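S.K.: Provided herewith is a single structure, encoded as C-alpha cells, for subsequent inquiry.
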Amino acid sequence: MSVVSAITVTVPATTANLGPGFDCIGAALKLYNEFRFTRLEEGGLIIHVSGTEAERVQTDESNLLYQAFVKFYQHIEQTPPTVKIEIKLGVPLARGLGSSATAIVGGLVAANQLEGATLSQSQVMELAIAMEGHPDNVVPALLGGCRLAATSGTAWEICDVPWHKDVVPVVAIPNFELSTSEARGVLPTEVSRADAIFNTAHLGLLLRGLETGNGQWLKTALQDKLHQPYRKALIPSYDAVNIAAVSAGAYGMVISGAGPTLLALADQLHSEAVEAAMLAAWQEEGITAEVRSLSLDTQGAKSF
C-alpha cells in the first residue's frame, strides 16, 4: 500500500474482565469513537473534538490519541507528520468502556494506514498492549468480538471467544466517573490460593456459557473474587442495581472494566426488563444513568 494523505478510523467501545476474567478477557461493543487524521504541509498540530464530553478532551500533544500516533513513528524510527485530527466521541470517558483503548488503537491504526500498512495487525496489537499495560480492552478494540489474551512473557496468544447470539450485553452507564488508577488502588497485592482456584474455574465456565448460551452456567460463572469484591465499594448502590438486574431476569451483573459502568448479561426475552430495572435502581438512589442493550461488534477497528 502507498502512503495516503488522510484516513478515518472507527474504534469500538469495549467491556473488560466479564467478572472472573480479570485483565485477560474483553468484548467489543457497537458503540464507537471516530478519528480522522489529515496530513498538513505546514503549521502545527490541530485537534478538533465533538460529541460526548468533547470539552474534556486534551487538544495538545498530551492527547492520548496523538501520543499513540507518535508512538507508531517512534517504533518505525521516523518523524511523525504534522496532522489535523478530528475526533467524534461516542464512548463516554472514564466509565469502564475502554475510551483510552479506542484512543490507543485509533492512533496506532491511523498512523499505520497513513504509512501504507507498514506494520502487521499483530505488530500493531503488541504496541497497543504495551501502551495500555494490559490486553483486555485494546485487543477486542482492534480485532472485534470477544477475545481472551494470554502471554508466555515474550509473545501474546489471542483466542477468539464464541459469543452466543442470545446472550445480550446490557450496560448501565452512570453520570459519575471512576479512574482506572483508583480502581486498581483498592486491589490487594496478594490473593489466596482458594480465590485463585475459584476464578480459574469460573472463567472456564464463563467461556462455555458464552459459547453455548447456557443460562445456568452463566449465572454461576459471572462471579469473581479477585477484583469486584474490592471495587464495588467505589460504585454507589452496586448491590441494589445487581439485585434489580437479577430479579428482572439477568444471568448476573459485573463491573465493566474498572467501572463505574455495570454490565449485565441477559437473554433476548429479558434484556428490556433488565434495562428498566437497572435504571430504576439507580434512579431510586438519585443517580442518573444511561442504560442500553448493545450488540457485540465483530469487526474491531476499521479504517477508510
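Keep in mind that glycine also has a Cβ here, set from the backbone N, Cα and C atoms.
Keep in mind the model is a prediction, meaning the values are calculated, not measured.
As annotated by Swiss-Prot, ATP binding site applies to Pro92, Leu93, Ala94, Arg95, Gly96, Leu97, Gly98, Ser99, Ser100, Ala101, Thr102, with the evidence given as sequence analysis.
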S.K.: Other residues near the ATP site, CB within 8 A of the CB centroid of Pro92, Leu93, Ala94, Arg95, Gly96, Leu97, Gly98, Ser99, Ser100, Ala101, Thr102?
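M.R.: Going along the sequence, the neighbours appear as Ala13, Val91, Gly257.
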S.K.: Look at the binding-site residues Ser100, Thr102 and tell me which residue has the greatest number of other C-beta atoms within 10 angstroms of its C-beta.
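M.R.: Neighbour-count leader: Thr102.
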S.K.: By the count of other Cβ atoms within 10 Å, pick out the sparsest of the binding-site residues Pro92, Gly96, Gly98.
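M.R.: Each of the binding-site residues Pro92, Gly96, Gly98 was scored; lowest Cβ tally within 10 Å is Pro92.
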S.K.: I want to verify one value. Collapsing DSSP to three states, which class is Thr102 (ATP binding site)?
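M.R.: Note: Thr102 (ATP binding site) is helical by DSSP.
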S.K.: Starting from the Cβ of Ala94 (ATP binding site), draw a 10 Å sphere and report how many other Cβ atoms land inside it.
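M.R.: Result for Ala94 (ATP binding site): 19 neighbouring Cβ atoms inside 10 Å.
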